[in-house]
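If you check Swiss-Prot, you get these features:
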- 5-25: transmembrane segment (TRANSMEM)
- 36-130: domain '2Fe-2S ferredoxin-type' (DOMAIN)
- C73, C79, C82, C114: [2Fe-2S] cluster binding site (BINDING)
- 133-273: domain 'FAD-binding FR-type' (DOMAIN)
- 276-393: region 'Catalytic' (REGION)
Amino acid sequence: MSDSVILALGIAAFTVIVLVLVAIILFAKSKLVDSGDITIDINDDPEKAITLPAGGKLLGALASKGIFVSSACGGGGSCGQCIVKVKNGGGEILPTELSHINKREAKEGYRLACQVNVKGNMEVELPEEIFGVKKWECTVISNDNKATFIKELKLAIPEGEEVPFRAGGYIQIEAEPHVVNYKDFDIPEEYHEDWDKYDLWRYVSKVDEHIIRAYSMASYPEEKGIIMLNVRIATPPPRQPDAPPGQMSSYIWSLKAGDKVTISGPFGEFFAKETDAEMVFIGGGAGMAPMRSHIFDQLKRLHSKRKMSFWYGARSKREIFYQEDFDQLQAENPNFVWHVALSDALPEDNWTGYTGFIHNVLYENYLKNHEAPEDCEYYMCGPPVMNAAVIKMLKDLGVEDENILLDDFGG
């Protein structure tokens with residue numbers, strides 16, 4: 001057999017092998033890779049059904065059709081907010097979901113939308129309020145320091161639009177890939193001490209993907225045309241100086257007047273109960289945001305006559321903000337009082353008010369001698385350590401879970 005014939009046979013055999021492999025790959029792709037259009041039926045309502053190409057996650061599929069399910073972690077599976085009921089399709093529940101969904105809920109079909117693969121037709125059940133959620137491109141009005149590590153971001157809603165939120169609600173804010181240099185932050189001189197002490201100016205936040213985070217609103221519904229947030233910068237802890245800084249908080253701190261920002265909402269469940277019970281608000285740090293929203297709404301919009309008090313914890317005097325606003329509310333409303341406790345007052349503060357941690361101050365100066373602390377409603381938002389301490393104290397006083405309302409975002 002000549003060399004040319006052998007060569008031709010070799011080429012032919014190789015070609016056949018390649019074609020067979022391509023056929024196998026295409027067959028596997030047809031079975032494993034999502035393709036074609038699928039339909040997601042929603043709430044057994046034909047008008048709400050959506051049709052779209054297969055692929056991706058349920059959270060993104062819904063968002064692509066203007067249905068925005070809350071997800072504070074941006075779809076990472078860590079916040080557990082995007083719980084929906086999948087009645088048909090979606091595959092088996094994943095291990096990543098089981099830390100947020102118990103066995104009973106899993107059996108009933110509850111899933112994290114950010115973890116559900118969209119491979120075929122599905123039937124899902126969504127809360128009706130989700131259909132009122134929208135997106136807006138807002139303009140930054142101002143972004144000013146209110147404390148050493150807290151800025152007040154004030155956004156203008158597009159003209160003619162409104163965000164129909166309730167006090168205690170929150171929005172989600174989005175950011176595209178970006179780089180933020182902390183040395184470029186505009187921070188008043190009075191707050192430089194800690195920034196210099198820990199050399200926080202050296203940090204850089206680099207984000208390579210689109211991110212979404214949730215923030216409670218400090219504004220209340222009567223403040224038309226604006227959204228106001230209190231944002232604490234998430235700097236690396238002193239014991240872990242090489243840890244990356246918070247992505248979204250760094251981005252928000254870099255914003256300047258005139259910048260455009262995309263938000264979606266409104267979302268929320270941290271709403272005031274419609275009762276006559278006494279209201280006790282407890283806050284710390286950026287947990288001020290929903291406290292301000294609730295208290296302003298109760299006193300300025302609803303003109304509530306319910307007995308209420310606000311207990312706020314701060315490190316030192318320069319970390320107190322909105323003081324004039326709350327002083328004025330206290331002067332105008334005999335049913336409202338507010339107190340601040342400093343945990344680390346400075347000598348120059350000349351502080352004569354309460355000192356120590358806010359849960360101890362609240363207990364020693366009010367609840368210890370209260371006739372029926374278990375009958376009050378407690379609204380709180382602050383650092384996790386504060387929240388845990390307050391909840392333990394309330395439990396020891398016999399307060400039931402239904403009267404302890406916690407916003408986890410503000411700390």
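Backbone N, Cα and C define each Cβ position, glycine as well.
Note on the domain 'FAD-binding FR-type' (133-273): its mean pLDDT in the predicted model is 96. Minimal Cβ crowding within 10 Å, among the binding-site residues C73, C82, C114, is found at C73.
The Cβ of C79 ([2Fe-2S] cluster binding site) has 19 other Cβ atoms within 10 Å, all protein chains considered.
Look at C79 ([2Fe-2S] cluster binding site): DSSP puts it in coil.
Within 8 Å of the centroid of the Cβ atoms of C73, C79, C82, C114, where the record puts [2Fe-2S] cluster, the same chain has further Cβ atoms from L59, S70, S71, A72, G74, G75, G76, G77, S78, G80, Q81, L112, A113.
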